[in-house]
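J.: The domain 'NADH:quinone oxidoreductase/Mrp antiporter transmembrane' annotation in TrEMBL covers B:139-426. The feature transmembrane segment is assigned by TrEMBL to B:6-23, B:30-53, B:93-115, B:122-139, B:175-195, B:226-248, B:260-281, B:293-312, B:319-338, B:392-419, B:425-450, B:471-489 (among others).
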Amino acid sequence: MMENAWIIPLFPLISFLLLLLLGKRLKESSAYIGIAFTLFSLLFSLLVLWERFTSPTYKIGTEWLKIGDLSITAGMEVNQLNALMLVIVSLVSFLVHMYSKGYMQGEERFSVFYAYLGLFTFAMLGLVLSPNLLQLYVFWELVGLGSFLLIGFYFYKEEAKQAAKKAFIMTRIGDVGLFIGMILLFWETGSFEYDAIFKAAAEGSISEGMITLTAIFIFIGAMGKSGQFPLHTWLPDAMEGPTPVSALIHAATMVAAGVYLVAAMFPLFSESSTALLIVAATGAFTAIFAASIGLVQTDIKRVLAYSTVSQLGYMMLALGTAGYVAGVFHLMTHAFFKALLFLAAGSVIHAVHTQNIEEMGGLWKKLKITGPLFLIGTLAISGVPLFSGFFSKDEILVSAWNHGNYILFFLALIAAFFTAFYMFRLFFLVFTGNQKKEAQNVHESPASMTIPMLILGFLAVVSGYVNTPWFGTFLGDWLTKGNHYLEHGHEDSPVWIMLAATLVSLAGITLAYMIYSKRSISRDWLGGEGSMMYNILYNKYYADEFYNLSIVRLTGIISVFFSYIDRFIVEGLVNGVTGTVQKLGKIGSRMQTGQVQQYGTIAFFGLAVLLIIFALTGGIFE
Amino acid sequence: MNEILLSVLVFSPLIGILALCFISKNQEKAIKWAGILATVPALALSLFLYSYYLGGNNLSAFSEKVRWIQFGSIANADSKLFAVDYELALDGFALLMVLLTAVLSTLSAIASISIKKEWKGYFMLFLLLETGMLGVFMAQNMVLFFIFFEITLIPAFFLIGKWGYIEKEKAAFSFLIYNGFGSAVLLIVIMVLFARAGTSNIEALRYIINVGGVPLVSPITEGMKYGLLIALLIAFGVKLPIFPLHTWMLRVHVQAPPPIVMLHAGVLLKIGAFGLIRFGLGIFPEQFKDLSVIIAVLGVINLLYGAFLAFIQKEFKMVLAYSSISHMGIVLIGLGALNESGIQGAIFQVVSHGLIAALLFFLVGVIYERVQTTSLSNLGGLSKAMPLTSGFLLAGAMASLGLPGMSGFISEFMAFLGLFKTDPLLAGIGALGIIITAVYLLRAVMGITFGKQGVSVRTKAMRDLNSVEMVPVLVLLAFIVIIGIYPSILSNPLEDTIQLIMTGLGGQAG
């Protein structure tokens, strides 16, 4: 089966092409095509994963492009990480395909939506199968295209247009980093293949400075895709897209591609402690930075978006502190519980037709399925024991502690507190308290939406048990087996870390309960709305404003400056030349006086000048 | 048949001119059909040659050579000297250019159904232009090259000046003056070489300049070689165009009728790149090597300068015009890198940009026909009324900004791969252009298609692409995607050409 893994991305591609051609006629039955083809992908992915448990890594490649003596190959590779990613991506994509059938009902461009979903799934599956950096880059850009198209799905909305543009451009800034890093590595090693690069890095045939430099460039690419500070601002805006898209692309899969990239290139990063430190510090800072913004947002999807940014920061922190398994583990659990949260949020939005959590409340009784599922997701992300997020977050904290960087460890701990607090703030505001008048005619969503949520809810609970300090670290053992570039991820950890993590998350939950449910603490206890701190957080540290005033403004200034050069210097020069020619012409015409004496004089002087020139140079016949 | 195949290919459009003579000038339909059909033989023949070459056969079987003009006889010189032959031949690079020309000519002829007046004169000039373009790429000596080169100028001048938009005359004169200047410089180079070496055959000149050992009528000094190369750089720099010789082409892009802009951006500008590679790099490789840093710097300037200016334009055609300047920077970057990757990237960019520019300008023509404007502030929300046009416009923009899976990425990638090898810092600066390209293209294209409906869009009854208009769009997009996914269909025919260039450079490996 593994040798046929290349067929997995082709299913959604076929779905994309079919829907482009036939979508107009199929209308809402387009959904069945999309669902069927992603189901094929999912089944094949499961088979590949199953086979990968027992077989070694499978890799094929063939020449794609020849440049002189250089040969650039294309192919695919099925190693542990890829096989795991295949299942995560195709599973979430399948569930989102199913969910969208209900959610997007009545949408005029229904088939287009499914076509785009197919395109995205194709690119994402292609990305994880790539055996080399160039091929990864190709699919990397294509997932960006899918994301761009889906954010801008409601193209007539100005916000959607701006958000799509921003997403494309901000991620492209990162992409150029990846582009440069990839090419520099190529000239160092003569190959884009991961294996060749790791071999060269391990053998020391790349200088240490170069390893650090290329690793940083590649990390810039990962920062763009995974919304790491300072390239994070596009991700919350991407919530303008339909909610199922937010679940698939901007929570579970594409944004995790940056983490995947660092994980896939981990042997290179691990050769440079500077690069690792940068990854860890960026991750930790982003984790707490985004979490603090999430504390005060009032749009249900934005809160989730900032929590995604924050959780991605966690994963980066894990990788940066050499916690390869911890990073990948959290990537997996996060994919499940965050997709669950987004789909549940979509179900809420579907019911109440608003995204503002201040306008919601008391939905627990009305949404009998969505409510408990949202709670499961919230418990998982908050790191409450026995839920999946608890185990993966614990791994990360252990990794940060064992790495010896205590500042980062405490940042991560505080971020965990924030996470528990704002997630339960969200939960209490939406599901408890009094029902608002907007929420009168509320119904639970149809089965096509609740079934995918149930599956994800199940996974959000159990997926943690594949790697626990209590029952065994199956995932970690398997991920690192036979890969001599990776050390085993899990190390024995002080028990107090697990206790601390639990306490911190319970503290966050309790505080949220006191403020937003029991209301025994005033909402304004820390300054409240209108205070400076609140404004800074609510306006996301003014990052967008800062970019508008600096980079965007600068681009405009350079452009205007160039346009002046174009208009005055370049055109001026040309006009000068034509002007001179005209003047010369006028002088010439002025000489045409008709007076023979004057012509004679000029002819005489001309002859004299010619003779002098000949006399001095010796004439043409040397 | 083999001995005259290339001549038939070059002059086949003239048959159309002959046929047009017999059609009354009011028979619009017949004229347009004749015009379109007359481009088909060249297309069929070039497709045949392409498949023949890909099949592993040698193109030299088609070379033609006939003694044409003998310039007097100088007592102490060989009688073979100072003769100009009529000689046509193809190598991989020239073949690709011929194919590009033939494809774009047919598609542009189809696009010309939107021409509103004096169809007869239009198509006669159009077909003459095609003959000129085809000949340029096949000519084996510089005199013949120059003649074909001039044949392209005159029809283009009239096509712009008569069938263009409001300021068409000004644009046509600007076109003529700049290109006339470029031609004059080129003519000087040709004459100096011809006078001193006694031949204008490209192959012979390559040998004389590089290997030497051939008695010349008059010596060509080292300094003179640099002078000649710089003159070539100026002559073809006008055409490409290289900053600061670019302002004329802005006017042409804005004022010329869309089908002509397709040909102009798609093929005529590429003659500049072709000339630089064939003559500059081909005849003067040693000197080119010394100037390569300057060429790469000029490339980065073109790339960034065009991109920044495209960012603030208020008119979509101007955005695309500056975008052409910016994209020609990639050609220079590849040439400046002067390794296999860079040169291959430059040639890829020549072909790829030809296709992409043609696609975008065709769509511009379609939009202009519907709303009579391409001003960004009057457009907006076009996706609602014209979903297909908008979708293809977005696809064209994606191709232009170098989205992988499309041809633009391959050329950009190879050019930068080349320059990162020779000059990483300069390449790093140039890579910023990749970001700005995305910024200006999305700004323009999303401004037209996304968001609220603009003034002009709201007030007009709109219809989407019709089936005739779908033909050029689908053909061009298919080429763009095929090259993007399977670049070997371009790189295989280029192997020999690039090998030859690398040999000229002294076997400096990629």
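Note that Cβ sites are derived from N, Cα and C of the backbone, with glycine treated the same way.
What's the neighbourhood like for each of these?
T.: Residues 30-31, 34-35, 37-39, 41-42, 45-46, 49, 62-64, 88-90, 98, 105, 120, 123-124, 127-128, 130-131, 134-135, 138 of the same chain, all 6+ positions outside the transmembrane segment (B:6-23), place their C-beta atoms under 8 angstroms from a C-beta of that stretch.
Below 8 angstroms of C-beta separation, residues 9, 13, 32, 35-36, 38-40, 42-43, 45-47, 49-50, 53, 59, 122-123, 126, 130, 133-134, 137-138, 163, 257-260, 262-263, 266-267, 270, 274, 277-278, 347, 350-351, 354-355, 358, 362, 365, 369, 468, 471-472, 475-476, 479, 490, 493-494, 497 of the same chain, each at least six residues beyond the ends of the transmembrane segment (B:93-115), sit close to that stretch.
Within the same chain, residues 82, 142-143, 146, 149-150, 153, 156-157, 160, 205, 217-218, 220, 224, 228, 231-232, 234-239, 245, 248, 251-252, 275, 279 sit at least 6 positions outside the transmembrane segment (B:175-195) and bring their C-beta atoms closer than 8 Å to a C-beta of that stretch.
Same-chain residues lying 6+ beyond the ends of the transmembrane segment (B:226-248) with a Cβ under 8 Å from its Cβ atoms: 174-175, 177-179, 181-183, 185-186, 188-189, 192-193, 220, 268-269, 271-273, 275-276, 279-280, 284, 287-288, 290-291, 295, 298, 301-302, 305-306, 325, 328, 331-332.
Residues 296-297, 299-300, 303-304, 307-308, 310-311, 313, 316, 319, 322-323, 326, 329, 333, 367, 376, 379-383, 390, 393-394, 396-397, 400-402, 412, 416, 419 of the same chain, all 6+ positions outside the transmembrane segment (B:425-450), place their C-beta atoms under 8 angstroms from a C-beta of that stretch.
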J.: Counting only residues 6+ away from its ends, which parts of the chain sit with a Cβ under 8 Å from the transmembrane segment (B:30-53)?
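T.: Distal contacts: 5, 8-10, 12-13, 15-17, 19-20, 23, 59, 62, 90, 92, 95-96, 98-99, 101-103, 105-106, 109-110, 112-113, 119-120, 122-123, 126-127, 130, 134, 493.
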J.: Counting only residues 6+ away from its ends, which parts of the chain sit with a Cβ under 8 Å from the transmembrane segment (B:392-419)?
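T.: Residues packing against the transmembrane segment (B:392-419) from afar: 296, 323, 327, 330-331, 333-334, 336-346, 348-349, 351-353, 355-356, 359-360, 363, 367, 382, 426-427, 430-431, 434, 437-438, 441-442, 444-445, 448-449, 465, 473, 477, 479-481, 483-485, 487, 510.
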